[in-house]
Every structure is written in C-alpha cells, then in structure tokens.
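Trainee: Copied straight from TrEMBL:
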DOMAIN    6-68  domain 'Copper amine oxidase N2-terminal'
DOMAIN    102-193  domain 'Copper amine oxidase N3-terminal'
DOMAIN    232-630  domain 'Copper amine oxidase catalytic'
ACT_SITE  Asp304  active site, proton acceptor
ACT_SITE  Tyr388  active site, schiff-base intermediate with substrate
MOD_RES   Tyr388  2',4',5'-topaquinone
Amino acid sequence: MASFAHPLSALTADEILLCSKLIRANFESPQSLRFKGISLQEPSKEDVSLFELSGVVPARRAWINYYIAGTRFFYESIANLGERRVESNIMVPAGLHGPTDDNEILQVEKLTLADPGVQEEIKKLELPPGAVVVCDPWIWGADAADEDERKYQCYMYMRAARNSEHLDSNHYAHPLPFSPVFDTVTMKVTRIEHVPTGCDFETKPTGPVRITEPNEYIPELNDLRTDLKPLVITQPQGPSFVQEGDVLKWQKWSFRLTFNYREGMVLHQVSYDGRPLFYRISLSDMSVPYGDPRPPFHKKQAFDLGDTGAGIMANDLKLGCDCLGAIAYVDGLIADEEGRPLEKSNAVCIHEQDAGLLWKHTNYRTQRAALVRKRELVLQSIITVSNYEYILAFIFDQAGELAYEVRATGILSTQPIDPGVSVPWGTVVHDGVLAAYHQHILSLRIDPEMDGEHRNSLVCEETAPMPLSPETNPYGNGYISQRQVVKTSGGYDLDSKKNRVYIIESSSKVNPVNGQKTAYKIHVPAFQPLLAQENSFHYKRADFADHSIYVTRFRENELFAGGQYTNQNKQTTGVRKWSARKDSVQDEDIVVWVQFGLQHVPRCEDFPVMPAEIIKVALKPVNFFTRNPATDVPPSSQEINQSTLIRSSACRQSCPTQELGPKL
C-alpha cells in the first residue's frame, strides 16, 4: 500500500481500494454494494501534535459510507488501514441517506425518460418534430415525517426543436408541467405528479404544450461582441508560491491543502510568519431553500455539500478559462460508486492575482508617493450542482488577511407558468418560465489555534456613543468600543447599528505594543436568516441558517453544520443541536461557524445564465502584529510592472523610479 506523507494527507488510491476491499469482505455478494463516500478519518489534534514533535505515527483510519444496492440499508464504517480491518460497521437510522453522485443521476435520467408512463405524458405534449425532452433529477427534500425511502423528484424540460442538435441548448427555457417521482430502491418511476402553472395550487392534466422562443447562453447560438481585445496576464519569472506535497508556502503564509468528496478544499495548519492561526478551515455546509409554497416545489431545498459534495461535483478547470496567469493545478482523489479511486483532474487551481493597491501614502510636502500593490494567492475550485455553479476560493493577501469567497453563477432552476400570470414568490424571466425566490446560505467552519494556542475565546465587539457629560464628553462626539467574551455555546447575530463584530482571541498571548490579546476579526456580510417557519422541514433541516455566528466546544466528528446526513433529513442534527449543550467556550478549544449568503430574488438579467454574485468572509488580524505586516513588500514601479501607455491618454506616463527614495 502506498505510504502517506502526513497524518492529515488525503487517502491514496491504494488506501481507497483497500477500504472497499475490507467492506466487501463482510458480504456474500460484494458486487451489490454502492459506495457513497470514502475519506480520511482525521486523527486527533493530540496525535497530530505528537507526530510532529516526535514522529509517532497515529493509526491511519478511513470513514466509509455505502448502500446495499437494491435495498434501503445504509451503513457507516470505520476502517483501520494499518491493521487492515473494519473497526466499526453500523447501519444508519432509517430516514437518513447518503449523497447522490454523477453516475446515479445519469442513471435516474435514463430510466425516467424510458419509463412507459413518462413516455405517455410526453406524447400528450404534442411536441414539434426534433424537440428533445430532458430530465432534471432533484434530491427529494422532506415532505412527511414518516417518509424513509430515498427518492428523486424529477423536473422535466425540453430542448427547443430549432436548436435540439446542440446538446447544450438551454432546456431551462422550456419547463414542462409534469414531474415523475423516482425510487432508488426499485430504480423505477413510482408515480407522476403534475405541477401548478397558475397563481394557485391547482394542477391540470398534461396537454399540448405551448411552444416558446429559445433563450440560449452558449456562444455559438448568440451574436458575440467584436470589440473586446485580449488581456494577457504573464509572470515571466514564474509564481512566488512553493508547493511541497500538501504544503503551500507564499509570502509568509504556510498551510496544508487537502481535498475530499464532501468539502472539496480543506486547509489545515494555517500559519503566518511561523505563527499558527487556524488548525482547520473548510466550507462546511450550504442550504438553498426555495420559497414556492406549492407541491411539489415546496420540498425544494438543496444541500449542495451534504446532498451532493463539493469534491464529487468539482469541475476539471481549464487553463486560460477558469484561472488566468501562471497556474498550478491540484488533482482531487475521491471514490466512485464501486469503491474505486476516481481522480478529479485539475480540481483546484492555484495562482496569484493583482488586487489593486495594498497601501499608499503621498507626503504632500515632498510629493513623494510610497505605494505597494496588493498581491493575492488564490486557491479556487468550481462545482456544478445541476443547474448552479459555485466558484469557491480561499484568498490570502500580504497583510495577514485570509478570505473565503463564493461566486454564484450558472442557470436558475425554472418551472412553467401560464401566460399573463404572476406570483408573489417568483419572477417571470422568459415567456412561460418562472424562477422562484430562494436563498443561498453557507457555513464556513473555523477551528482556530490563535497564536499557537488551541484554547481560544470568541469576543463580541461593539462601538457605542459616550453619554453626553461635561467632564468626559462635553461636545457629544465621543464614542468607544466595548468588548464582551462569549461564555457559552450558541447562535449569535450581527447588528450593523452597533457595528457588532466577532473576534477570535488567543488565550494568553498579548501584543507587546498595547497589551491586547492577539486575535483575528471575522468580517462577514449581513444576510437574511432562513425565512421558512420554525415548524417547517426547511427550518429543521438547515441547522445553521438562523444565525450569523455559531460557536461550539470542539468535539471529534462535528464537521458539518447541517449534520452528517442532510439528504432527506427531517430534524435538527447539526450545529443548532450541538450549541444547545451550552458548553463553556471561554478559553476553550472552540469551533466558530460563520454563516453568510444571498437572498436571490431573480431578475430577467439572471437568465439564460446568471452573472456571478459575489460574497466573501474575511479573517483579519487584530493586534496580532506590532505594525502593518506588509511594510516589507517591495514597492511598485513601472520597471517591474511593465504597464503600457495608451498614447491618447492624458495621464502621466509612469510611476517615477525615484519613488524608491534617494540613494544613500
């Protein structure tokens, strides 16, 4: 078996094969198994520390999920790879299910379209010659407390006859009014539902469909602009980052990058200039609840990591398209449904980008400008979850800031609507096409080790006006900052009127300049919490979507804000439940869960493909350094940057080289 580089390194191909072999050995008919996830069972922090201090190698374990095909029996196992044995193998309780995968979705599409009942419904549509029906399987969601079988709700569309030879023609511009229900145990369509197309809950039998104009996004079906000139990014001396196995080093930053089927990119042991900051950071969960109250749309609530997986759905990124400049790629390695290693080529791209000025000051007396351009290191992965794309990126800068950025793009999930009808829970974006309102709510999991200490605190900071006082505030302009340590686990919120922010502090390390504890501040945009009612399945399932911040005491295996199993889960099993323990979180080993998101009220401009919406969480140093840590970044100059002067411009030619200062 191939050796691993570090206890936190992702499973190797040989280790994945060993996992499936160990599981199959427990069954008489091993070919009937369908694997849903194989990934590293991370060793404890103590074991990792012992390995790095003294070289003691911890036990290498893997976490495994699988079904017995053709049944509802779903298992969770732990395998000890060094001892080549299964340590535990338990059946997951009924009603909890594993994620989907590419092959299963394609199989569901094929079997649904071949179903005799579906074919009969298609005949009733009286489609024009050349039109092609497309099936879009959706995770079932939750509808009733006693539902246990894993199912898909299949939404149906049509590729326009005019463009049907183009496999990428936009079928979302032609939604159809019926929806098959598919059972994954029998692998058959169990019933066909009709969807409402008016302004109420009423449905109609399938009849001849009204043909509308196409609305295409692919370039060969659009008239393209002709006045856009090339923008070329070059680094003639190569990039400034260094890769050493899983470890990346760049501009005083050092961290370990791994990849798994559910979270995609995971960062471990993030440090700046040798000072540890975060033990582990990853995108933990995402919920996309839809607002149409009518069946079957009322169930639409995608958990894009728990129901599918950022690693499973990762794109093969293309040079010169998804990432520009001097690019390094990292392949991901996951398991397929047969338990075989599956390489996700170019799953992560790594590159540097210019982000404007990092700092500048002009001394007006001497007219000397000192300035530094901001260089960023970007780790980017892109996932496609049916209709939507998410561009996910960790972004590091030279002043000690680490950000997590999400860009939402792709195509709206659409449904049919009758001509002249409007509804208060969606937008008509094309003739006969309704895009329902929905939210994108994400959770970033941060496991800090601030300044090398595993015991940290979360502090709430607010700014407040000073009371008017002849002695302390005679002019009424004074204001102060106030801090309060969060003492118990729970959910907490922002308040823009108080400029409320949250800060992760070290336990005992202090800044020698002012005596303040070294810390990092969480900059997170305000978002509208989950709008679904508290007694709804939407609310019960999205554990994390009601507060901007959750803080919990660290416990092993509490990695996913929505719980281990989100597919068809109908109750609270994640961070809301864990935080209710009301553990002490002051000067403890804590985990901070940061929620952020988008309220998406679709507009016509979001169709046929959506311009990227950008949201970002930033982690910024607060009294962590004794001064601006980026004062040692070399200054910018025309000699280095080689900008080109447009002769018709009235601007001055370049940054003068004397800005570097006089020679002494």
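Note: Cβ is positioned from N, Cα and C throughout, glycine not excepted.
Set these features in their place in the structure for me.
Mentor: Looking at the domain 'Copper amine oxidase catalytic' (232-630) alone, the prediction's average pLDDT is 98.
Taking the Cβ of Asp304 (active site, proton acceptor) as centre and 10 Å as the limit, one finds 24 other Cβ atoms among all the protein chains shown.
For Tyr388 (active site, schiff-base intermediate with substrate), other Cβ atoms within 10 Å of its Cβ number 19.
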Trainee: Can you give me the Cα-Cα distance between Asp304 (active site, proton acceptor) and Tyr388 (active site, schiff-base intermediate with substrate) in Å, rounded to a whole number?
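Mentor: Between the alpha carbons of Asp304 (active site, proton acceptor) and Tyr388 (active site, schiff-base intermediate with substrate) there are 10 Å.
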Trainee: Can you count helix, strand and coil residues in the domain 'Copper amine oxidase N3-terminal' (102-193) using DSSP?
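Mentor: Summed over the domain 'Copper amine oxidase N3-terminal' (102-193), the classes give 29 helix, 30 strand, 33 coil.
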Trainee: Let me know the DSSP-derived helix, strand or coil state of Tyr388 (active site, schiff-base intermediate with substrate), please.
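Mentor: SS state of Tyr388 (active site, schiff-base intermediate with substrate) = strand.
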